[in-house]
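Enquirer: Can you keep this structure in mind? I'll have questions shortly.
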Amino acid sequence: MDIETFLAGERAADGYRCGFVAIVGRPNVGKSTLMNHLIGQKISITSKKAQTTRNRVTGIYTDDTAQFVFVDTPGFQTDHRNALNDRLNQNVTEALGGVDVVVFVVEAMRFTDADRVVLKQLPKHTPVILVVNKIDKDKAKDRYALEAFVAQVRAEFEFAAAEAVSAKHGLRIANLLELIKPYLPESVPMYPEDMVTDKSARFLAMEIVREKLFRYLGEELPYAMNVEVEQFEEEDGLNRIYIAVLVDKESQKAILIGKGGERLKKISTEARLDMEKLFDTKVFLKVWVKVKSGWADDIRFLRELGL
């Protein structure tokens, strides 16, 4: 018997818990920021713009008593109907199918019809924990107003529990972990204790570039783009990464590149620095732009992209 098997058996005997936790909510309520704080490391991209998360991202947090496997989902889309958004909504539904706990995230003092649409998608026989995020905002600093808001949302659904947090500042994150833990099944850990994601380096590189696109472009343009890793080569002390950004029109390509190529250069430089920090190695990054008209409504092409 190897040491890992022995330790896993010891943990099971001590009531160790391990399970899957889906983080869901309408776009832009802070789901990705919340997951990054829960696992203690940035692996899911964040932006003030909606729909930055397109793929389900698995983050893992392990302590002495439990292992939490978090699934960060795209924000459920009720606007901008196209094949891409239909596929993103299907991703949310699929993510809910095999989890032990659902964390439903709403923005403090703001419960909308879009939140209600997400609530209707939640499973009836899986524990759902309400998380009220952004309690650092001025309107949420009144304790009595916040308590009234939580009561209002709890009246909409049979939640197993509720917690108010600030994902941005990491407030009450430890409390949330303790709230989730009893709903995880008793089990040995599924992943090594030092593992924080099951996603590949290629996937993480792609996500970093997408984050920079959302950060440095306008409100609409990033939604008409997709990022593809064309080549990823790992050498001794250097990762060579070649990434194509797919756009719908030549005019979008010009906007992305910017005057004299300055915008694309800035996006590429910041993405490279983030990759070097994440991968703990030097990175050579080449980013270029390709035009493919109508890609967001091409179902076959979306399947090829894994969406």
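Backbone N, Cα and C define each Cβ position, glycine as well.
So Swiss-Prot has the following annotated:
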- 17-186: domain 'Era-type G' (DOMAIN)
- 25-32: region 'G1' (REGION)
- 25-32, 72-76, 133-136: GTP binding site (BINDING)
- 51-55: region 'G2' (REGION)
- 72-75: region 'G3' (REGION)
- 133-136: region 'G4' (REGION)
- 217-293: domain 'KH type-2' (DOMAIN)
Enquirer: Let me check the 10 A CB neighbour count of Lys31 (GTP binding site). How many other CB atoms are there?
Expert: 30
Enquirer: Sequence-remote contacts (6 or more beyond its ends) of the region 'G4' (133-136), Cβ cut-off under 8 Å?
Expert: 29-30, 34, 105-108, 146, 164-169, 171-172
Enquirer: Work out the three-state DSSP category of Ile135 (GTP binding site).
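Expert: Coil, per DSSP.
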Enquirer: With a 10 Å radius around each C-beta, find which of these binding-site residues (Gly25, Asn28, Ile135) has the fewest other C-beta atoms nearby.
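Expert: With the binding-site residues Gly25, Asn28, Ile135, fewest surrounding Cβ atoms within 10 Å: Asn28.
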Enquirer: Pull the DSSP breakdown for the region 'G1' (25-32) and write it out as helix, strand, coil residue counts.
Expert: 2 helix, 0 strand, 6 coil
